[in-house]
């Protein structure tokens, strides 16, 4: 829905076929509006218009690739990925070879467009180790070729200075197998000269900026561009281009393609030779005869070049400063003047670089070409230099613009002229659309008899004095009345004055505009003459790569035949290219340059309008609006879509046209969408075609399911028959096997029964002579004797009856160890039982008290260890012997548990007073020892808890309930010499009386309740503490410190 909205947007439609009203102004306004939104792609039907934004845009992400993969061309926004996907699917699904023609001015973004197409095809094709390797090699050919074939021009920082056509070959699944690259007319004159504001080829700057110090030393180069005469010193560094990083990327790309390190080194050595040739300086001198000659001014550069290529410096110097002229059967060595020497030096540099570039392309082809014998489909991608109009246009611009005229001719013939002619041939009603046919311009240039290239070749081969003046004169004579040719002389003949046209220039009215060409250098560049002495010198070099570039230098193969001229070679190459393109289904990407300053997102309407006019976009829109988007012969159309109708599927016995009519009638498409020609079916709207293709895909899926069902059924039947046959065979063999096993088992059983019977008879006969159970009886006897001996020995060596003695004799035999341990345990339990039976009730009570004390104080209070050896007597006052104390016992009225003398700590001043403590089963009594009168009688139920310290003191704090009678005076602080026994008996008595344990706190600091409030008691271990009685000190009204020793 989003894409459809974009295509139908009234302000900026995505497809110019839908533009209403259609005019140059509305078309230009639409392109500008879309460009301002960042939408640089627009459709004219299936033609993509691309406007160069001169900045990166976030529209080439993997998510975008996924969005356009296998998608309807018009179901998504206009994008270069859409035409790449459409071409790829046509190649894969329709088995039609494709070519993608990318045209436009220099700087319009053609090279980037070709890389985007290649990267998209690589992304959507299948994955796999071998396939990924091929795709990576195809993609990595771009950085290598760009380094050696691209340069900065006035209009483009990365202008292709050669034409590149790549045929990518695929298998039937659409996986890339490899490819072949063809290159056309490298601008080798750029090696020796280029205009101000431009640069030489990228590789020179990359090598000097990115080469390591070791590499540059090996190539005898300096990292300073100003040192080399062939480099433009003013523009050596290009903003926004990292030459060092690009050099590393080129090296990585070469490794991926498969260049060996030795090949890379050899390639860079030859490149360095070209660069250093520009530093070879010549000076004028005179021979003895008075003839002018030349000599090398600075021999160092010559020596370094000679070292790089493995050639004697004198041989190279002789080749640069002289030439051999053959007169009949004699060879004469002629000295060259300085100008002739420089011409030879530059010609050598141009030829070395040009042939090195050809070798580079062939070497890449060696790595990426497909092995012969494989069936393959082809997608061609053409990236060639765009139309060029400079201030001074020479031979290179003439050749480049001729190539662009041929590409425009293809576009005209295949999209405008041929399409309209086809409608007439097929009898389709059609209103002709006027358009400019540039055949007249192509004929002006390439006519084999009177074309400009033919006249240039004739002038180059003509004997006598040959120069550009005779060439321009001949052109003026032949094309004096030609509508597309102008010169100073032809205009003067028509009485037209044009001061902008110099004498040695001619002007051609190209489809892209008028271009004025300066004929200076035409003959020289067309001849491309290289002295044979230089070729032979290169052949004599020991450098393997350089030697292979000059096979004509072999003295054993002399040839007097002149090599073909540059113009004739290029004309033949273009003809081959055009033939190749005509054999494929074309897909067009028309690139437009929005401004001349390479400014990001700047749109210059006048410049764009000029390109819209000469690219014929208006005519293209008119033809598309009036024409049909798809046409195909009836037979392949019916073969492809016949499964959509039950009447034509699976076989149609009638004619192909009748079958197509029956098929489309059943599908019920609108009549205006279809037209039936004499031999072809025509479909007007791409949407109708996409709907047809969508139905076919659904039907193919259904048929595939049907075929799978039938195949699975056939497989199941075959599998069943095989399993049934196998089951019968296995059953037969198994039954036989079972019968044989049964027979063997029966035989073994019979033999076994016979053996047992014979044995039984024999044993019965001789039983009285054998003692079969003697061994068992003997072993049982020995076992019983050993057990008896063990028990008797144990009886004699029993350990003492002391409970603390846990010794036990070891087992004499290993098999008795478990029994020995069990007897040890039984004996110890019996010994403990006997010990308990001997105890008196008083001893039992004391042991229980000791156990309770252990549970309360062990590892918690230091005094506990001293109480272990002290018996718990309970009564320490001698109440029965002392009559004075007997009346105290009467006060208690219940059973006495413990009686002892204690010290009571005064709550007011912390001083201690002696008291007698009597603990009975229900009360605790404190009495005056002198008067033997009770001072306090406490019920055990009134005791809330007790607190003691961790040290070895006898301090005890009894916490009383506030609600009790004695509790009103506060808690009690007592010092007992038998603290452990006192607390233990108090705990046991409380358990017996109330079934509740005594809450006991063992801490150095605890809180007590006195009449005047709570007091924090802190027990401190100190040398100042008293011996048996602690020292109590009050620290204010709420703190008390007790020092213990």
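Including glycine, each Cβ sits where the backbone N, Cα and C put it.
Annotation for residue 104 (ATP binding site): same-chain Cβ neighbours under 8 Å, separated by at least 6 residues, are 50, 110, 386, 387, 590, 591, 592, 593, 611, 615. Annotation source Swiss-Prot lists ATP binding site at 104, 105, 106, 107, 108, 109, 110, 111.
Annotation comment: Swiss-Prot describes 11-697 as domain 'Myosin motor'.
Sequence-distant contacts of the domain 'IQ 1' (701-727) (same chain, six or more residues past either end, CB-CB distance under 8 Å): 643. Here Swiss-Prot flags 701-727 as domain 'IQ 1', drawing on sequence analysis.
Among the features that Swiss-Prot reports, domain 'IQ 2' is placed at 723-750. Assigned with DSSP, the residues of the domain 'IQ 2' (723-750) fall into helix, strand and coil as follows: 28 helix, 0 strand, 0 coil.
According to Swiss-Prot, the feature domain 'IQ 3' maps to 746-774, an assignment based on sequence analysis.
Taken from Swiss-Prot, the feature domain 'TH1' covers 861-1044.
On the 0 to 100 pLDDT scale, the region 'Actin-binding' (574-596) averages 89 in this prediction. The feature region 'Actin-binding' is assigned by Swiss-Prot to 574-596.
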Check: Helix, strand or coil: which one is residue 107 (ATP binding site) in, per DSSP?
Finding: coil
Note to self: Using a 10 Å radius around its CB, how many other CB atoms surround residue 108 (ATP binding site)?
What the structure shows: 24
Item checked: Long-range environment of the region 'Actin-binding' (574-596) - Cβ separation under 8 angstroms, sequence gap at least 6 -> 31, 35, 46-54, 80, 83, 86-87, 90, 96-110, 113, 117, 155, 165, 167, 182, 184, 378, 380, 382, 386, 402-403, 406, 410-411, 414-415, 602-604, 607-608, 611-612, 615, 617
